[in-house]
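> Straight from TrEMBL, here's the annotation block:
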TRANSMEM  98-119  transmembrane segment
TRANSMEM  125-145  transmembrane segment
DOMAIN    170-278  domain 'Methyltransferase type 11'
REGION    324-346  region 'Disordered'
Amino acid sequence: MFVSPTGGPPFCRHGSPELRGTAVQGFQRPVAGAITGQRGGATVRRGSRVGGAARASSRAPPVSAVAPCVGAGAVGEAGPVDTRRRVFPYGLDGPPQVVALAGGAVLAALVALGAFVSAAPWPFVLLPAVAAVVLAGCAASFLHASLRGKFAVWRELADGLALRGDEDVLDLGCGSGAVLLLIGRRLTTGRALGVDLWRRRDQWRSDPRTLRENAAAGGMGGRVGLCTADVSALPLVDGCFDVVVTSMTVHNVYPLARRRAALAEAVRVLRPGGRLVMVDIWSAGRARVLVGLGMSAVEARGLGPRMWWCGPFVPTTLVTAVKPLPPRSRDEPAAGPSREGGGWPR
């Protein structure tokens, strides 16, 4: 994976060429023919400023025109990529919570067993036994949501987006790449960019190296890029993406002001007509925030037992929204990218 220099062309087919402050790893949109060097045996292309007459095309260049961010011969300073499949290649969400729930279940079971052996009154046996069962059930639902449920849900959501294949997609809080790579497989000339701060307490195995390994194992290196950044202050220009997705990320953003800023950033980087898909806990109130940010067609619905994180006590909500097209006169052609076939998953 190579690291593109700050100031190169942004992840955007239109508008300002400024990439606001930080480098995107493994993804740049070059101007054809602007070859500046070789790294690791792969050609690295860097574009010049893009805009107005200098922009060769409003379409993304073919995949072969951009050096892949992962894979043999294109890893640059990041070192070789291990493509061996591991157990739980996408890690585990919320390791501290899983340990707390499982540990609490074991402790409560031991207390109940001790009370039973010592012939204590039945309430001293029954109460910790019930607590052990509840905590074990919560831990089991957490593991199921993290290791199976979210993948089934996101496969349905990705299918429901009905992507044409040429879209630019942003994944906020991409972690080890589960959603980013799932979306990336549906792209042809489009690209998927993942943004994260890579915090292990939020997800075990959440780091760029793990994502690179997963991308390499799936043959996805040429269609995805990484950017280490705060989701509440994205180093990306306005109106760059056709779709913004985020899975179990926004609730980890503190304080509330930064959480609202993260939603505002998601809206900012969407193109007019672009779609936002947010899967998270406690997110019904965020739908109201999106309405306040000017988004249209805002909907929220529960995702059911497949994404219960502590049984029915911590359910997950899907929030979808569309960025409105700018107003136009009757004589003007419709603005923004076409969205034919881009329905919402149900």
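Just so it is clear, glycine is given a Cβ too, placed from its N, Cα and C backbone atoms.
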> Near the transmembrane segment (125-145), which same-chain residues lie under 8 Å Cβ to Cβ, leaving out any that are not at least 6 residues past its ends?
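Result: 92-94, 97-98, 101-102, 104-106, 108-109, 111-112, 115-116, 305-311, 313, 316.
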> State the non-local partners of the transmembrane segment (98-119) in its own chain: residues 6+ outside its ends, Cβ under 8 Å from one of its Cβ atoms.
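For the transmembrane segment (98-119), the list is 92, 125-129, 131-133, 135-136, 138-139, 142-143, 146, 310.
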> Would you mind splitting the domain 'Methyltransferase type 11' (170-278) into helix, strand and coil residue counts from DSSP?
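Counting residues by DSSP class gives 34 helix, 32 strand, 43 coil.
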> Give, as a single whole number between 0 and 100, the mean pLDDT over the domain 'Methyltransferase type 11' (170-278).
89
